[in-house]
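Heads up: the structure comes next, in structure tokens.
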Amino acid sequence: MSRAELDKNPRDVASMFDGVARRYDLTNTVLSLGQDRYWRKATRSALGIGPGQKVLDLAAGTAVSTVELNKSGAWCVAADFSVGMLAAGAARRVPKVAGDATRLPFADDVFDAVTISFGLRNVVDTQAALREMARVTRPGGRLVVCEFSTPSNALFATVYKEYLMRALPRVARAVSSNPDAYVYLAESIRAWPDQAALADQIAGAGWAGVRWRNLTGGIVALHAAHRPPR
């Protein structure tokens, strides 16, 4: 699977991530020039979580993001539909659950906060996933979506697109266990909605108070919202 225009069949997407799991964390750090660590810290800060709270880290992959969230003192569970990714993070001692973002294996209103980092773009039905996140979050609970976005500076945006389509696949061939998956990555980023459009989608799924801020010049955006009362 290497084209962003395909139907994002959950089995195909899970298989793709199973194929990159072994070197996934290293590849991400190399391709992001180390910015992935900063993005994880920013996500934890935006959630505003603390001891005694329950947090769902959706599309958690190898659970490196969950470990960062754990630094808050909250109880955090990693969920992903790629069993291979969860297995690659077996050494990270956090609870792990295999599950589809559009059919989460959790009861209603159980989490104080939910976050998804670089995973919403890969879900077959974005609105269904956002509604499921709202379902499992208590009223007043928080959502943070960390996702690739659109650089705010036009010149920077042009340079970034060139990096995505030309340099990124070449670097991936050198460090990734499945370079074709990163061709899909580049194309899916280009096809993804910008900051305002994603904010509209989040609000349309029932979340309130949607706002965003850019990281790394808009390469990544953090969208935050809260679950309104019933």
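Cβ atoms here come from the backbone N, Cα and C positions, even for glycine.
Keep in mind the model is a prediction, meaning the values are calculated, not measured.
According to Swiss-Prot:
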BINDING   T62, D80, D100, A101, S117  S-adenosyl-L-methionine binding site
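Swiss-Prot feature annotations superimposed on the structure.
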residue: T62; record: S-adenosyl-L-methionine binding site; contacts (Cβ under 8 Å, 6+ apart): A21, Y24, D25, M85, L86, A88, G89, R92
residue: D80; record: S-adenosyl-L-methionine binding site; contacts (Cβ under 8 Å, 6+ apart): F17, L58, A59, A60, G61, L86, K96, A98, G99, G119
residue: D100; record: S-adenosyl-L-methionine binding site; contacts (Cβ under 8 Å, 6+ apart): P10, F81
residue: A101; record: S-adenosyl-L-methionine binding site; contacts (Cβ under 8 Å, 6+ apart): L58, A59, A79, F81, I116, G119, L120, V123, A128, A129, E132, M133
residue: S117; record: S-adenosyl-L-methionine binding site; contacts (Cβ under 8 Å, 6+ apart): W39, R40, T43, D57, A59, A60, S65, V145, C146, E147
Using DSSP with the three-state reduction, classify T62 (S-adenosyl-L-methionine binding site) as helix, strand or coil. coil
Let me know the DSSP-derived helix, strand or coil state of A101 (S-adenosyl-L-methionine binding site), please. coil
